[in-house]
């Protein structure tokens, strides 16, 4: 049986849209197999995923904070949040929509937009739409003109836990004017346990079912070209050790790339990736209906070897460079500026539907 409980994560949180003081609610989803997921209404954020290893030892395998101040901090790199209206990058914060130039906010070095701008969906206080026996559905209404985007967008994020250790996340959106929408979940995973750092990460193996990557410039902005992974350091189609792969990528800091997922029609869902941590036996499989996945190895988190101070995380953790990986299912970054990329444009009367399943298990 899956069980859902609700409690208060924080009181008196100032809503960035309405300026009202809100209660941030927390939901805990627990199944009979020893897995539990916690999420909060701020940013529709996954704060914890606890799952057993091969010997039954339960550990938290996703990064996060103990309190609201952590999530509100400038140092929060979007831990666990639902990202929108458009995840990833928009070059120059501008694009043409039906022949008209749209200028959105540029929240990165005044050069481009990242993850929806200064106040993205990750900072919104989502409303509780439904609490079910096995999960919860949250909603955020994003006003017309917010961060420069046309149209009001009503987004929902539904989180469901199953008995076989699958976390189903369903993101949907409707718009009253034509506008781009590209949502993702930005959980940071470390199957060795969220405190195990780079040493734990380097023990993982990774496999990504992709035929290419979207080539990028120095600012990680796509050039419009799709480069085949064949014969490159991005060919992760066969499971390989992540630590060795990261060493081989030098001088690059690590992976921060959109992989183009290989689908087998008519299947609507594709296996996107599989990560395993052989010492603990834990594995994670990601399945999605999205054409891309951003594989990110926390390269821009604090580099303690250079004297940068780690991010203080939950339960006394110290988070630093290469301490976790993200598999952000999405349409391709900067799609609004590349007609050869899958379109992110949502028109009135259409429905945006994004399904992603995180399946956890152990190999003995």
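Glycine is treated like the rest: Cβ placed from N, Cα and C.
Taken from TrEMBL, the feature active site, proton donor covers 186. Residue density at residue 186 (active site, proton donor): 21 other Cβ atoms are found within 10 A of its Cβ, drawing on all protein chains shown.
Feature annotation from TrEMBL assigns active site, proton acceptor to 328.
TrEMBL lists 88, 89, 186, 187, 188, 256 with the feature beta-D-galactose binding site. Sequence-distant neighbours of residue 256 (beta-D-galactose binding site): residues of the same chain at least 6 apart with a C-beta under 8 Å from its C-beta are 220, 294, 295, 296, 297, 299, 300.
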In Å, rounded, how far does the Cα of residue 88 (beta-D-galactose binding site) sit from the Cα of residue 328 (active site, proton acceptor)?
9
Going by C-alpha distance, which of the recorded positions 89, 186, 188 is nearest to residue 328 (active site, proton acceptor)?
186
Just the number: how many Å between the Cα atoms of residue 186 (active site, proton donor) and residue 89 (beta-D-galactose binding site)?
14
